[in-house]
Amino acid sequence: MSRHASRPASDLNQRLDLINNFKKNHLPNAKNTIKKKIDKMPAILTDIQLKNLDNHKYSSGGSTLLDPLFQPFWGWLVQQIPLSIAPNLVTIVGLILNVVTSSLFMIYSPNGDQELPRWVLFMCSLGLFIYQSLDAIDGKQARRTNSSSPLGELFDHGCDAISTIFVTVAFAVGMKLGKDPWIMFSMVLLGMSAFYTAHWQTYVTGSLKFGKIDVTEAQFTMYSIYLFDSIFGDSIWLYKLPILDLELRYIPFIVAFFGSGSSILSNINTISKGGKGKNGSSVADSSIVFPVFPLLLFIFLAFSIASKSQTVYLDNKCLYLITFGIVWAKITINLIVAHMTKGEIFLLDSCLFGPILLLLNQYFSYVIPELIVLCFALIFATIDLLKYCSKVCYQICTHMNIYLFKITPVTSTVNKEH
């Protein structure tokens, strides 16, 4: 009996030995290999941009309606985080949870027109709530650990850009807007445009401004709806209002339409008043108008490709919107980097390769099946975004002599973990 009882303990010890051996021998080698590959990639930030980043100071204005109500909870929550946990680690954990739970919507309803399981609705509500909470406390954690840096701001806004894609598409799926493909398309692009113009005006004025109804209120509304649907089911949104002869699912779209529209107009109005640079130019002493052109090119490609084909968007709504969302994220993060480093903005970017390939495939009478090209565009855009973000973070970490996901002080004898 004792001999049989010792087997589980022996197996456990063997597994622990394998894990420890992997951590000791293989994990450092993998880290060094990745570091060398990133190091060999062409530099994205110039020496001047890195020096400008040293002088960057975060500036924001305004307060939303719900922020003061959430502050006590966020203040308590950050106290539960160990001081050894890096702020960027808090941010990335929240993003991963949000992406995974939002993706469940798209897995169970790839065209945004199917009923969702209640457990999926609950998980997405929980995932978005956790993301909001962790996103709110990463800055507090940075101040607690005395590790605030421009890298933290850039990392936070970059994660917000990626999150915006998944949150917006998931909400459209949750409201069954896939039954009206162009309403779904418009809602997602409006959300992207509102986020982009907010950072466009930041590039111009040097300060990120928040309205009374902003991202906190939008996220609160979304996860409250998901929680409600997880209890009572999401078929309620198909109920038709008797007087208006309008299905209930259109109400959130109308609110989001006017909310995003007013935000975009407010940002453009601020931009039109001139920038912080010389003679009313941007913080980089460049044109305050030019940042609109990458956005317009993106919208043109997204709309023209979707409208020309009978299948590429209509048969793959979530896949199409996520693909173009990843492209948009790269363009937006470019803008954020340009603001913080006082760098230039370019019209063309490598992330547009996938959309241009889709366009060319249509022009040449669909030589390759569109779904294959669309999947390739998604893979290419994702890899391109990851390579870009990795190199930018690596350059900043090297320049500032800091870690990305660790607080431990860096010494000259320690290999940096970027």
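A Cβ is built for glycine as well, from the same backbone N, Cα and C atoms used for every other residue.
For reference, TrEMBL has these:
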- 85-109: transmembrane segment (TRANSMEM)
- 116-134: transmembrane segment (TRANSMEM)
- 182-200: transmembrane segment (TRANSMEM)
- 220-238: transmembrane segment (TRANSMEM)
- 250-268: transmembrane segment (TRANSMEM)
- 288-306: transmembrane segment (TRANSMEM)
- 318-339: transmembrane segment (TRANSMEM)
- 371-388: transmembrane segment (TRANSMEM)
### Query
Which residues of the same chain, at least 6 past either end of the transmembrane segment (288-306), have a Cβ under 8 Å from a Cβ in it?
185, 189, 193, 196-197, 200, 203-204, 271, 274-275, 280-282, 312-314, 320, 324, 327-328, 331, 334-335, 345-347, 349, 352, 355-356, 358-359, 362
### Query
Do the transmembrane segment (318-339) and the transmembrane segment (182-200) share at least 3 Cβ pairs under 8 Å, sequence separation 6 or more?
yes
### Message
Need a quick answer: max count of Cβ pairs under 8 Å to the transmembrane segment (182-200), which of 116-134, 220-238, 250-268 is it?
### Response
250-268
### Query
Near the transmembrane segment (220-238), which residues from the same chain, at least 6 beyond its ends, have a CB less than 8 A from one of its CBs?
66, 115-116, 118-119, 121-122, 124-126, 128-129, 132, 167, 171, 174-176, 247-249, 252
#### Entry: the transmembrane segment (116-134) and the transmembrane segment (250-268) contact flag, 3+ Cβ pairs under 8 angstroms
no
